[in-house]
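Participant: Provided herewith is a single structure, encoded as structure tokens, for subsequent inquiry.
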């Protein structure tokens with residue numbers, strides 16, 4: 001089984017991909033991880049990617065597809081893959097479909113974890129961590145049991161990521177919508193698009209995703 005997880009930054013894709021990976025034996029494929037692995041392996045396509053990255057340029061869709069092609073031939077992906085962060089455009093989706101068709105494979109689902117922008121802004125801008133041990137907290141959803149004191153290590157200093165501000169998050173969301181909006185009708189026409197409410201609790205989102213995957217068996 002192969003699926004694409006779509007959803008905004010901060011929408012919980014990574015968490016859910018890990019849960020599905022653990023339950024179904026699927027392999028989460030993130031383009032960043034695959035690029036780094038290809039470069040480290042010294043393969044032909046990895047060398048091409050390294051040359052482009054060293055020149056400070058964006059890696060082309062053609063190279064990314066070649067890296068995915070190579071990755072799908074590896075034994076650990078036999079049960080299927082979860083594509084996280086790719087495709088981002090219709091052109092990439094078409095290239096991915098064509099490449100998989102050559103292998104006799106297909107994408108079974110494109111699942112959008114849908115979360116309203118206001119939720120994402122609240123989730124991301126409220127995040128902070130213990131400066132000492134890295135334990136995560138949130139202004140609204142996960143406060144320390146004792147105000148100003150880390151539950152894990154007792155530290156009293158906390159930090160926020162500079163990018164976790166309203167302006168930056170809004171720009172990232174705008175870019176996501178501009179890129180991804182055309183993918184939804186593309187996959188809908190193919191009959192593979194499914195929607196899951198990402199505002200539910202993490203466990204409930206997982207149940208909804210499992211329901212989609214289990215129904216296809």
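Residue 1 is the first one shown; counting continues down the chain.
Backbone N, Cα and C define each Cβ position, glycine as well.
Among the features that Swiss-Prot reports, ATP binding site is placed at 10, 11, 12, 13, 14, 15, 127, 200. Residues or ranges marked as region 'NMP' by Swiss-Prot: 30-59. Annotation comment: Swiss-Prot describes 31, 36, 57, 58, 59, 85, 86, 87, 88, 92, 161, 172 as AMP binding site. Sequence annotations record features per position, and here Swiss-Prot assigns region 'LID' to 126-164. Annotated Zn(2+) binding site per Swiss-Prot: 130, 133, 150, 153, in sequence order.
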Participant: Which binding-site residues from the set 57, 59, 86, 150, 161 come within 10 angstroms of residue 127 (ATP binding site), judged by C-alpha positions?
Facilitator: 161
Participant: In the same chain, who gets a Cβ under 8 Å from the region 'NMP' (30-59) while lying at least 6 residues past its ends?
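Facilitator: For the region 'NMP' (30-59), the nonlocal Cβ contacts are 66-68, 70-71, 84-86.
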Participant: What is the average pLDDT across the region 'NMP' (30-59)?
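Facilitator: Mean pLDDT across the region 'NMP' (30-59) comes out at 89.
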Participant: Whole-number answer please: how many Å between the C-alpha atoms of residue 13 (ATP binding site) and residue 86 (AMP binding site)?
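Facilitator: Cα-Cα, rounded: 12 Å.
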Participant: What is the set of residues, excluding 130, 133, 150, 153, whose C-beta falls within 8 angstroms of the centroid of the C-beta atoms at the Zn(2+) site?
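Facilitator: Along the chain, the qualifying residues are 131, 132, 134, 135, 151, 152, 154, 155.
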Participant: Within its own chain, what residues at least 6 apart in sequence put their Cβ under 8 Å from the Cβ of residue 15 (ATP binding site), listed in sequence order?
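Facilitator: Looking at Cβ-Cβ distances below 8 Å from residue 15 (ATP binding site), excluding near sequence neighbours, one finds 202.
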Participant: Which entry in the list of binding-site residues, 153, 200, has its Cβ near the fewest other Cβ atoms, using 10 Å as the limit?
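Facilitator: The binding-site residues 153, 200 were compared, and 153 has the fewest Cβ atoms within 10 Å.
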